[in-house]
Protein chains: 2
Amino acid sequence: SGSAAMYGRYTQELGVYAKEEAARLREEAAFRRLVTERSRSLDLLEYDKSRCAKCRICTVHCQKFLISRVGEDWIFLILLGLVMALVSWVMDFCIALCLQAQKWMYGGLDSNVVLQYLAWVTYPVVLISFSAGFTHIVAPQAAGSGIPEMKTILRGVVLKEYLTLKTFVAKVIGLTCALGSGMPLGKEGPFVHIASLCAALLSKFMSLFGGIYENESRNIEMLAAACAVGVGCCFAAPIGGVLFSIEVTSTFFAVRNYWRGFFAATFSAFIFRVLAVWNRDEETITALFKTRFRLDFPFDLQELPAFAVIGIASGFGGALFVYLNRLIVQFIRKQKAINKFLMKKRLLYPALVTLLISTLTFPPGFGQFMAGQLTQKESLVTLLDNRTWAKQGIAEEFEYIGHAAAWKHPQANVFITLVIFIVMKFWMSALATTIPVPCGAFMPVFVIGAAFGRLVGESMAAWFPEGIHSDGVVYSIVPGGYAVVGAAALSGAVTHTVSTAVIVFELTGQISHILPIMIAVILANAVAQSLQPSIYDSIIRIKKLPYLPELGWGHHEKYNIRVEDIMVRDVRYITLNCTYRDLHDVLLTERLKTLALVESSESMILLGSIERAQLQALLSQQLGRPRRLEYLRQRAQNERKQVSIVSTPSSEEGNHKANHEVRFQVIPVLFSLPYFFHSLGLSLSLSLSLTHCLSPSFIFFSISFFSHSCSSPHLFFLPFSLSLSLQIAEWEELQLDEQVNFNNCKIDPAPFQLVERTSLHKTHTIFSLLGLDHAYVTSIGRLIGVVSLRELRKAIEGSVTVKGVKVRPPLASFRDSGTSSSDAEVTELHKLWNRHTNLTLPQDHQPSDSDEKSQ
Amino acid sequence: SGSAAMYGRYTQELGVYAKEEAARLREEAAFRRLVTERSRSLDLLEYDKSRCAKCRICTVHCQKFLISRVGEDWIFLILLGLVMALVSWVMDFCIALCLQAQKWMYGGLDSNVVLQYLAWVTYPVVLISFSAGFTHIVAPQAAGSGIPEMKTILRGVVLKEYLTLKTFVAKVIGLTCALGSGMPLGKEGPFVHIASLCAALLSKFMSLFGGIYENESRNIEMLAAACAVGVGCCFAAPIGGVLFSIEVTSTFFAVRNYWRGFFAATFSAFIFRVLAVWNRDEETITALFKTRFRLDFPFDLQELPAFAVIGIASGFGGALFVYLNRLIVQFIRKQKAINKFLMKKRLLYPALVTLLISTLTFPPGFGQFMAGQLTQKESLVTLLDNRTWAKQGIAEEFEYIGHAAAWKHPQANVFITLVIFIVMKFWMSALATTIPVPCGAFMPVFVIGAAFGRLVGESMAAWFPEGIHSDGVVYSIVPGGYAVVGAAALSGAVTHTVSTAVIVFELTGQISHILPIMIAVILANAVAQSLQPSIYDSIIRIKKLPYLPELGWGHHEKYNIRVEDIMVRDVRYITLNCTYRDLHDVLLTERLKTLALVESSESMILLGSIERAQLQALLSQQLGRPRRLEYLRQRAQNERKQVSIVSTPSSEEGNHKANHEVRFQVIPVLFSLPYFFHSLGLSLSLSLSLTHCLSPSFIFFSISFFSHSCSSPHLFFLPFSLSLSLQIAEWEELQLDEQVNFNNCKIDPAPFQLVERTSLHKTHTIFSLLGLDHAYVTSIGRLIGVVSLRELRKAIEGSVTVKGVKVRPPLASFRDSGTSSSDAEVTELHKLWNRHTNLTLPQDHQPSDSDEKSQ
């Protein structure tokens, strides 16, 4: 399985990887030896009849049992859940401390507004700058949400450095600081990443005990469960977590793995909440943002249009948020002057953004109109309050208790405060999520949605002070219910998920508004999905991650595009009887990771595919150091026989001497050519990879040999014999003309094949299902083309962007005119059949063109 | 796509299907003509300037617009949701009427216990008998739950008659009567089937307006959404419905289709509940079984062990239920005497079972100890009550209000009543669900689970009368919460789903017990899944439906079985240059639906696969009526030329006469051979299918021709010339020796291929993902074996049944000993390479066996 993992890694160079692998194997072996030795020494203890020994024997047995059970999935999932719950709780604790510290500073300096402002502003700027700097230094991959990357990784692509301990440390510390600053940032997306990191590290750690953890497909299954855990322990929402992570990261979901997510997320959420109980924060296990809406009459049937309006407006709002977010990123990238300056002073952009946002939220300043002193959590709690703020349109009548007082302003009524809050937070959140710190956009969007829902709810309450219901009993309108609906709808629109509804139920602990929420979320999704990609897909596009976009809703014209319209017809291939020179040429001109192997260029029958690395290995084996040395040694021996300088020494000594001689002869030759053609610096920096080599291969091999052997600098400026170098070149030419021996080469004998008439829709499904990177297009065994993710992406995006207009591929018109659907196939087969008929029954021979016409 | 659908149908014979298809096309054409004509006539109206016309023009435009939009998915989903909500509501209404009628009869006859008993017993017996009889006569496929069949259909298998109007009618009426009888039966499973039926019929109906509905893969997507609608409108639980249907019917789920289920199920649930509001049953939209547990302190942390116990016990209970259910079915099947008798009197078994169950629940009889007079719904409502029945262990202290009074018995306390209820309902439900009427097991199990939970809850309440919490405030225990947990756990255990938790939240409208419910459901699932298959998988096994079993949890030994260990090595294939005789022989000996096409039997390079029907068509084309007639006509003309009986008539007349002559000559010949070899009755009953034909092919073709042409009985006993028949036989022999012309034959040029070293785990995944029926095993282009669902199922079941013991496939031992993982591949390739080397470089030729050894 080690080699299988190797082929999966395409981002790391082979040499680096081989070294790492060797180091890893050494470490593992050492660890195993240690464990085995210790257990053996403890085995011996059983014979030692002292008192203390019994106790120790028992421990050993327990240990053995535990180690034997450690391979089970549920142990892994429990550990993962436990660790993540602890991480989540500790982080929440630290974030709360940070926020409290800011409040304490701000409160303590209330004598001087300037000092207060400085404290209010400096604190987040320092924290965000530290977070950005720390992330950049330790692991730049930790910046941002992490969900787009997880989506790509679960798609089967290996992203370098995204699942390492360094990234874990950077993400956890960076996220704590970022959220502790009080900026409008979320912890959900990063938590998905952190949980995945945790799973990857745990799996690596546990593979020291047994071999099961090395299984590739099992690791992917565990990562999927980890994503669920991430959301689950962030919001204490196990069901919503599982569903959200499925919607956000998967294209096809194996129901078989369903239980893993539920098990781990439930356990994690349970521990997360139990910690709160143990810490005396809560009396018992309840929801994170518990609401207390009335149960008997949650809402009136006639309020449904208002909920639908929230849904549709949230749809537009969500699309606008994604658009705004992308616009900001693209604006900063495009302005080259700004970009250059920012790249130099990496911490300036985060600091400036933080300064701007914190200045605007300064409570004695503009912040008083937008409840600036409330943290994100406090705002959400007040927004989900079950009391009505605006009784009969007059805000003053309501007694504001606790944090809710922040929404009251002597000059402005609650509607104005809410509108300002929504507008300001909207662009602030869109801007803040572009800062290169670990942060998500879910929670800010959730709060904005809740505020929007509250606004609509308060308006409704002001409009119908006695409620809408007309059957005697007065059921007043509950604006908090509207806030819940708005939160679910807007976050659903931004992330393109329906499961935000479930998250909301679990967050609030009430499900009475299920139908309004579902309706609003579905409407919001419908609107948002037709306008913009989800925030995660948008980031995938911005970052240009290798991901396959989804087929849009009801784009029926895609059933009409076929593989033959998008495939690359000019496939580079190698034949079974090719020479090393062909191999070398193909490797130089072709950039694909794998190459097709066909029987011969006439028959073109596809036999399999070979990894690029395998071919490079073949080539370097043929022209590599051992064979070269062998050749030179033989040549030297021949010369020696002719000249007879050394007169019959002892065989050992002779060999040694011969080796030395050869070395003195050889090395100058080998670096002579690069010395001629390249500067020394260039040749030393050349890597092992053939893709960087633009000179003929023999030069390349000389260089690589040279850079390996010339650790002793005194060999550098030795003279060389030109005749020998010419002989070497000749030898190389001869070697290149030999036929390739594929015997020790790993060949994938069944690469994925498609027929040229496969529809785009089906191709997309197969690529997504099997996580393919490319597929060969064959016609009755013959290779006729290749489709890679790139072509597929282009085809899908091409037809997605041109709305309404049907994108007709070049050959589609031919197809529609014909009635028979299998003309091409038949013709193709006919040719083959004729060939065989002609071969086997020569007496029936007819001119082949007349045969073609009879078709 | 018509032909594609045709190939999918394997249960119907081709002839029957062709007739049906023709009839369908005729009908469609007629309908389309009607629509077109009407719209055309209305187009003309635009020029008619009368007043009334304007109104009609407007209508026409609206109609046109609607028809153009009708192809959209969401229109279909809304229609589906609407129809299903109406069906669900009307059925509930009818069931409530039926149950009320029984209560009214029973209540009216309270003067005489015997009459009361007769009324109590006769009513359900009549209803169940009617339901069983009606189902049996109209559509026997409608009996039972329907979820196992839907699971199989969504897997890609076409089950005959499972999605027709007849089945729909039988299912709806049968289910209404069955549930109206008051037996412990559920409506959930059948509702999944009804919704799918509805979707299939709606899709058929709407395909009259446009072509999109004929797309095969789209129909499968719609069926998946329909399953969600079924559960959603049955329980007014849209989210739970979607999740439950995914868990129960899918193996791999396309997240792309997620929204369809949510959209349709939400709409359906909404309409279903709005109907209740409009009918004044409810004041506003709320949950179906609304609970009113306290929100501030739902449960104590120390109650969690009790919830866990409920979960584990429910796991065992669920497994026992599935086992009991299967045992009853198998017992009745095995007892041949009983079976024979029951088969004769089909209605006896349902009537007997109903008699037994209703006798035991007779309220003045044994029913008084098990709340016999309560309907299923009433029991559930009382069980979820938020008050405590047993204060301090003494049942008498509680004031029983309404239906809850049924649980009180003067002699027995509430614990005894609950235990009797649980035990009796348990076997009754297991027995009742074996009756051949449309019925599900979900609801009865749900009620039993609730009763069990209540029992534990009441015990806890009796044990801790002051609650467990010790911080001053008394929070008494809520037994209703335990009932909710028990219901979710037991139904989860029986169906092997986690989403029953979500269904419970939506049914009760409260989510405060989320963590206990999740923990109990997961524990119940863990226990049940390790003991028994789910009730649906159990039925799939009993009915022997073509379904692929799931791989168990953590069966790691399966990673070690490879395709080469389970594949069939003796593949029947056809070669490109085969004769019709080979074709005929292969068709006679091979039963597979598709046959492999290879280049030649030496190279064995796989070129594609051909449907059996295509080959039959090729064969009958070669030996069929037109060519036969052609041959005979030519032969007759030749004879005529020789004998010159007819002297130059007018060409028209001559042809006519010649035809007649030929006919008189031919027909005797053609039926002569069957007349010799077979009795007339046998030959007439022979179908068109080659698989039933055991005699040589020329006889078969004579028969088929004969049975087609001999509609005029006066030709029957004409004399025949033996020489002619011999000539015909000779002609047939010649025809069979010709080489097959594959030109007009549909070939699948890329059948699914696996490598021999693919693991069982991966094979299972690929088969499930792509819904494969069989896959060819190839080694570098060469066909070496075939794996079908059957082999895969055997391999999985073989290793599942033998618990603990590792099933080692025959060749596995070889594998473990070797260190190199690709020996086989290398050797294979080596051979091929050698072949080519030898061909291209004959000067390098070496003895091939020494070459083998050098490996």
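Cβ from N, Cα, C; glycine included.
As recorded in TrEMBL:
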- A:43-72: domain '4Fe-4S ferredoxin-type' (DOMAIN)
- A:74-99: transmembrane segment (TRANSMEM)
- A:120-142: transmembrane segment (TRANSMEM)
- A:191-210: transmembrane segment (TRANSMEM)
- A:222-246: transmembrane segment (TRANSMEM)
- A:258-278: transmembrane segment (TRANSMEM)
- A:304-326: transmembrane segment (TRANSMEM)
- A:347-366: transmembrane segment (TRANSMEM)
- A:426-452: transmembrane segment (TRANSMEM)
- A:473-494: transmembrane segment (TRANSMEM)
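Here the transmembrane segment (A:120-142) does not touch the transmembrane segment (A:473-494). Their Cβ atoms form fewer than 3 pairs under 8 Å, with each pair 6 or more residues apart. Across all of the domain '4Fe-4S ferredoxin-type' (A:43-72), the predicted model scores a mean pLDDT of 65.
Within its own chain, the transmembrane segment (A:426-452) is flanked in space by residues 128, 131-132, 135-136, 140, 142-147, 170-171, 174-175, 177-179, 183-191, 193, 310, 313-314, 317-318, 320-321, 324-325, 328-329, 332, 346, 349-350, 353-354, 356-357, 360-361, 376, 379-380, 383-384, 418, 483-484, 486-491, 494-495, 500, 535, which lie at least six positions past its ends and keep a Cβ under 8 Å from the stretch. Contact check: the transmembrane segment (A:304-326) against the transmembrane segment (A:74-99) gives fewer than three Cβ pairs closer than 8 Å, residues 6 or more apart, which falls short of the contact criterion. Sequence-distant contacts of the transmembrane segment (A:74-99) (same chain, at least 6 residues past either end, Cβ-Cβ under 8 Å): 127, 172, 175-177, 179-182, 187, 191, 194-195, 198-199, 202-203, 206, 222, 225-226, 229-230, 233-234, 260, 263-272, 275-276, 375. Panel annotation: around the transmembrane segment (A:222-246), residues 76-77, 80-81, 84-85, 87-88, 150, 153-154, 187-188, 191-196, 198-200, 203, 253, 257-258, 260-266, 268-269, 271-273, 287-288, 495, 497-500, 502-507 of the same chain, lying at least six beyond its termini, place a Cβ under 8 Å from a Cβ of the stretch.
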